[in-house]
Amino acid sequence: MERPERTEVGFTTTDPLLSTGGDTPASATLAVVFSTLVAVSGSFVFGSAVGFSSPAQNGIIKDLDLSVAEYSVFGSIWTIGAMIGAVMSGKLADLFARRGAMGFSELFCLLGWLAIIFGKNALWLDIGRLLMGYGVGIISYVVPVYIAEITPKNLRGAFTTVNQLMICCGVSLMYVVGVIINWRLLAVIGAIPCIIQLLGLFFIPESPRWLAKAGQWKECEASLQRLRGKDANISEEAAEIKEYTETLQKLSEAKLIDLFHKKYAHSLIVGVGLMVLQQFGGVNAIAYYASSIFESAVSESQNISGFSGRIGSIAMVVVQIPMQVLGVLLMDKSGRRPLLMVSAAGTCLGCFLLGSSFLLQDLQLWKSSPFLALVGILVFTGSFSLGMGGIPWVIMSEIFPINVKGLAGSLVTVINWFGSWIVSYSFNFLMLWSSEGTFFIFSAVCGVTVMFVAKLVPETKGRTLEEIQSSFT
């Protein structure tokens, strides 16, 4: 049976399974709002895990006497766990239901944070980071899927956006708080949302779509009634869910080899290509090691008044969330392609400015080059939040036919996490090789992204899934 359409950081589900039925706009009930808030506690955990390694880097290296290689392992090993979690996420969500999968993932995240809090050496930190990565790999799939499956169709886009915003908020909190408190206390703060979600899961309904797929029709209707309100007429929506679920059950289950059929070649190139270019454009290098980048930029310019890594980290937070909101507002107005190209061009410029800052510093041509590094990071962060962060996931959810969507989503997600691991592990070594060269490489990749989108990525705004998918075959 086909899994629900995969949704992750910054992407929107448009599967008919998630339709409310009828034309009357539904309103957000307290049950939907509360269930969404509990679910996105997991998104906050995701963001906290991403943002932790940057402000914690100096403290961990100093307290535990770690080498650059050892900290690079700590900073990147969580992506290995995330890849494993991503591969298993769909099966776990189908086996344990959405709530069960969220609870299962949070147990691993909580154990991971505890290992970091009490860890006395690099091994315990790596174990904690690996466990946390596994939990986040599951969260990255099941949280947006659950939100999309419980919300009415006219509110689904806004509610699924909360997932992406909470990831940004988690990252931002780590950046801001991490500059003023000890790294172990920072890890304690990261563990709190895990506990909140574990407790909250006892008070929210299961996804009615999962209950329908499991053949639990009475429980499906009861969950749907609770979500829509006790006086709401759910008969039409319930009938549509049942009809679509029965249609899915008639489809033969696709195999991995089916993805490489000629008729799926274009969609696979677009889906995989966007994920590879997203990661190799340097986003996780900057997200994970922002503090060390700022410190490297000022290493030979200590006399510059008013500039510090703390200022840079706080400035990133100020830019990131508003640009994320702007991207969501523009996505269905300007279209995917223009927003992607503008976003990629901005990240290209941001990395070029960063590379130029380090080059000018090495040549001792401009004493204020650290300010150029700050501008470069802010341009990159704002531009990435505008489009490259979320739109690749939106396009991925639109271009694959329903019979291969589950497998294709798993493949693309694993490739994304694998690219994240490569970049986050190799970044410190690249910086030792050549700081300016590292960011010029990232800039070149971002430039290639603009051309890739212009030549291969179709515009999907305002088109049905059938129209989009037929254009690829």
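Cβ coordinates come from backbone N, Cα and C, glycine included.
For 35-461, the entry in TrEMBL reads domain 'Major facilitator superfamily (MFS) profile'. Annotation source TrEMBL lists region 'Disordered' at 1-20. Per TrEMBL, transmembrane segment is recorded for 28-51, 71-89, 101-119, 131-148, 155-177, 183-204, 268-291, 311-331, 338-359, 371-395, 407-427, 439-457.
Long-range contacts of the transmembrane segment (439-457) within its own chain (CB-CB distance under 8 A, at least 6 residues past either end) are made by residues 266, 269-270, 273-274, 277-278, 280-282, 285, 336-337, 340-341, 344-345, 347-349, 351-352, 354-355, 358, 376, 388, 395, 430.
Among the recorded stretches 101-119, 183-204, 311-331, 371-395, the one sharing the largest number of Cβ pairs closer than 8 Å with the transmembrane segment (28-51) is 183-204.
The stretch in 71-89, 311-331, 338-359 that contributes the largest number of Cβ pairs under 8 Å to the transmembrane segment (371-395) is 338-359. At the 8 Å Cβ cutoff, the transmembrane segment (131-148) and the transmembrane segment (71-89) share at least 3 close pairs (sequence separation 6 or more) and count as touching. Sequence-remote contacts of a segment are chain residues at least 6 beyond its ends whose Cβ falls under 8 Å from one of its Cβ atoms, and for the transmembrane segment (101-119) they are 39, 42, 45, 49, 64, 85, 89, 92-93, 95, 125, 127-139, 142-143, 146, 184, 187-188, 190-191, 194-195, 197-198, 201. Long-range Cβ contacts of the transmembrane segment (311-331) within its own chain (Cβ-Cβ under 8 Å, at least 6 residues beyond either end) map to 54-55, 161, 164-165, 168-169, 171-172, 175-176, 178-179, 290-291, 294, 339, 343, 373-374, 377-378, 381-383, 385-387, 389-391, 394, 461.
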